[in-house]
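Reviewing the structure listed below.
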C-alpha cells in the first residue's frame with residue numbers, strides 16, 4: 001500500500017472514531033442459548049412500523065401480531081410492539097411488514113420488548129424442523145447447559161454442564177449443522193456433544 005493511501009485510511013479511521021461512529025458486532029449464538037438467555041421468545045408477524053426519535057438515531061417500533069409465545073409468559077403475557085434501534089450499525093433490526101412470520105427473541109425493559117441484530121431473529125419459514133421442535137419441546141430442558149463455542153482446535157469442556165458447539169470450525173464462524181439440527185442437553189450425562 002502506498003504511503004498516501006495508508007495516511008488516508010488512518011485519517012479516515014481516526015475521523016470516524018472522533019465522530020463516535022460504531023458498528024454492530026455480535027458473536028453467533030446457538031438457537032438454544034438464544035432461547036434460554038432471552039426474556040421473550042415469540043413467533044409473530046410484523047403488521048406495522050413507526051420511527052420514533054429517541055436518542056441520536058431514533059428507535060423503530062414494530063407493531064406485531066403474536067402467533068405463539070415460547071418463553072416469557074411471566075414477564076409479558078402478550079407482546080404487541082417490539083423496539084429496536086433505527087440504525088443497523090447500532091444493531092437495529094430491519095423486518096418486512098405484512099410479509100413473513102418471524103421467530104423473535106429479546107429482552108424486556110420497563111415493560112417493553114427490545115430486540116436487535118445480536119438476538120436470534122429468523123424468518124419462520126427458514127427454521128429447520130429440528131429448530132421448531134426445539135422451540136416447542138426441547139430447548140427449555142437444556143437451559144442448565146452452557147454451550148461452549150469452539151473456534152479452533154483443540155476444544156475442551158471444563159465442567160459437566162458444558163457442551164461443545166463446533167459449527168465454527170467448519171463454517172468460518174457461521175452457525176451450521178449443529179445449530180440447525182441439535183438440541184443440547186447436559187442432564188443426560190453425555191457432556192461432550194449436542195444431542196438430537
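Numbering starts at 1 and runs along the chain as displayed.
Keep in mind that glycine also has a Cβ here, set from the backbone N, Cα and C atoms.
Unlike curated entries, TrEMBL annotations are predicted automatically.
Since this is a predicted model, take the numbers as computed values, not measurements.
Taken verbatim from TrEMBL:
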- 24: Zn(2+) binding site (BINDING)
- 24-91: disulfide bond (DISULFID)
- 26-118: disulfide bond (DISULFID)
- 36-143: disulfide bond (DISULFID)
- 150-155: disulfide bond (DISULFID)
- 24-143: domain 'NTR' (DOMAIN)
- 1-23: signal peptide (SIGNAL)
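Shown here: features listed in TrEMBL, placed on the structure.
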residue	record	CB count, 10 Å
24	Zn(2+) binding site	14
26	disulfide bond	10
36	disulfide bond	20
91	disulfide bond	18
118	disulfide bond	16
143	disulfide bond	15
150	disulfide bond	15
155	disulfide bond	14
Inter-residue C-alpha distance, residue 26 (disulfide bond) and residue 91 (disulfide bond) (nearest angstrom): 9
Using Cα positions only, nearest of the recorded positions to residue 91 (disulfide bond) (24, 36, 143, 150, 155): 24
For residue 36 (disulfide bond), the three-state class that DSSP assigns: helix
Residue 150 (disulfide bond) and residue 118 (disulfide bond), distance between Cα atoms, whole Å: 19
Closest of 24, 150, 155 to residue 36 (disulfide bond), Cα positions, recorded positions only: 150
Subset of disulfide-bonded residues (143, 150, 155) lying within 10 A of the residue listed as 'Zn(2+) binding site', CA to CA, in sequence order: none
Within the domain 'NTR' (24-143), residues counted as helix, strand or coil by DSSP: 26 helix, 46 strand, 48 coil
